[in-house]
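Reading through the structure tokens given below for one structure.
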């Protein structure tokens, strides 16, 4: 299959590291697991062909420690490095170091990561490629106050001030009237300079009640690009996704084709390679591009379930220089899939709940998939993200996917630590969720936050 990649180093941990290991195994590729001192007992570390400890528990000293990861790749004769999601996956400097050190980076080119990582240049690139964007300042705001106020009137209030280097809900501020605009810009600038070392800010229309809908794309190194349809990730708490599904309720075949084609065309125009996701806000029938994730996403399984495409395997094959194995006409959405993220956290306070899992039982049955690295006796460390797994169900339609999810959540047993399974069960029974098409603020309202 991929003649040139004999060995992959997995620069990540937890469920995604295990997911990557399984894809490598299927392709007959040897694996190297790098891990922190706290992660010696991770499932993929125990399963990998080789493992290398790269540092102490804190991520800064291990999973974000570039020299340690590169030297682990060197001592194991690794051919390619898969960054997973989070950690170094969208770090252009890391991708560059990987390639300069003679390894294949399983992801886009460093310059593409850089282009899409800067919100201002990303939006400019997407506009040029014909992807619909949120009306805004078309670049950073300058010091001309009169022009800034005029522009804000044109866009229309409410307006969001965003810092160019921010993300994940940080470095942004909503302004409802002209009176507070200039002050808000100054505050956001100061915060951005302190947090991201970059005081560039821009403004865009603030959509009051949008849904979060994203499109999955795949592009090879020969300039071919396709989209795999959309996912709805509107069930969020504090900008963190909780439930994701594919396809998005109420999106028409025309909309899917139009926006999906534009995303694929944008990939071709920026020379994208690998798997990627275009995130949109969707309100009143309109899509507005917000950002592109240049990596595999947590919620990729829902797209895999409805399209039958193994996204992680495709990432590896693309990195090996293989052409895409699918044409756009091969991609059909079949049925409906839902994913619930399972977190080790207190159901009421949402505080992380690390500790030893004394008992774990995974659900089963038709159309049920679980992606998790936990097992009975495994200790969830306190140093990393609280997500310990993902439960995915697939059914012939949304109703049957939900019914299967309800069963799967009921069957899942995780003892010894707290989890958000109770929350997920209540979402699956919630009227607005069952109706489909809830907006991104709905879950916080439902929880009374």
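Cβ atoms here come from the backbone N, Cα and C positions, even for glycine.
The active site annotation in Swiss-Prot covers 295 and rests on similarity to another entry. Annotation comment: Swiss-Prot describes 119, 162, 168, 169, 204, 205, 206, 207, 212, 239, 279, 291 as ATP binding site. Per Swiss-Prot, the feature hydrogencarbonate binding site maps to 241, 295, 298, 341; the stated evidence is similarity to another entry. The Mn(2+) 1 binding site annotation in Swiss-Prot covers 279, 291. The annotation Mg(2+) 1 binding site is assigned in Swiss-Prot to 279, 291 on the grounds of sequence analysis. The Mn(2+) 2 binding site annotation in Swiss-Prot covers 291, 293 and is backed by sequence analysis. Among the features that Swiss-Prot reports, Mg(2+) 2 binding site is placed at 291, 293. Residues or ranges marked as biotin binding site in Swiss-Prot: 341. According to Swiss-Prot, the feature domain 'Biotin carboxylation' maps to 4-448. Among the features that Swiss-Prot reports, domain 'ATP-grasp' is placed at 123-320.
The average pLDDT computed for the domain 'ATP-grasp' (123-320) is 95.
Fewest Cβ neighbours within 10 Å among the binding-site residues 204, 279: that distinction goes to 279. Residue 206 (ATP binding site) has a Cβ environment of 22 other Cβ atoms inside 10 Å. The shortest Cα-Cα distance from residue 341 (hydrogencarbonate binding site) to any of the recorded positions (119, 204, 212, 293, 295) is found for 212. Taking residue 291 (Mn(2+) 1 binding site) as the reference point, the binding-site residues whose C-alpha atoms are within 10 Å of its C-alpha, out of 119, 206, 241, 279, are 119, 279. In this structure, residue 298 (hydrogencarbonate binding site) belongs to neither helix nor strand by DSSP; it is coil. Highest local Cβ density among the recorded positions 119, 212, 241, 295, 341 belongs to 295, counted as other Cβ atoms within 10 Å over all protein chains shown. Residue 241 (hydrogencarbonate binding site) sits 13 Å from residue 279 (ATP binding site), taking the CA atoms of both as reference points. Of the recorded residues, residue 295 (active site) and residue 204 (ATP binding site) place their C-alpha atoms 25 Å from one another.
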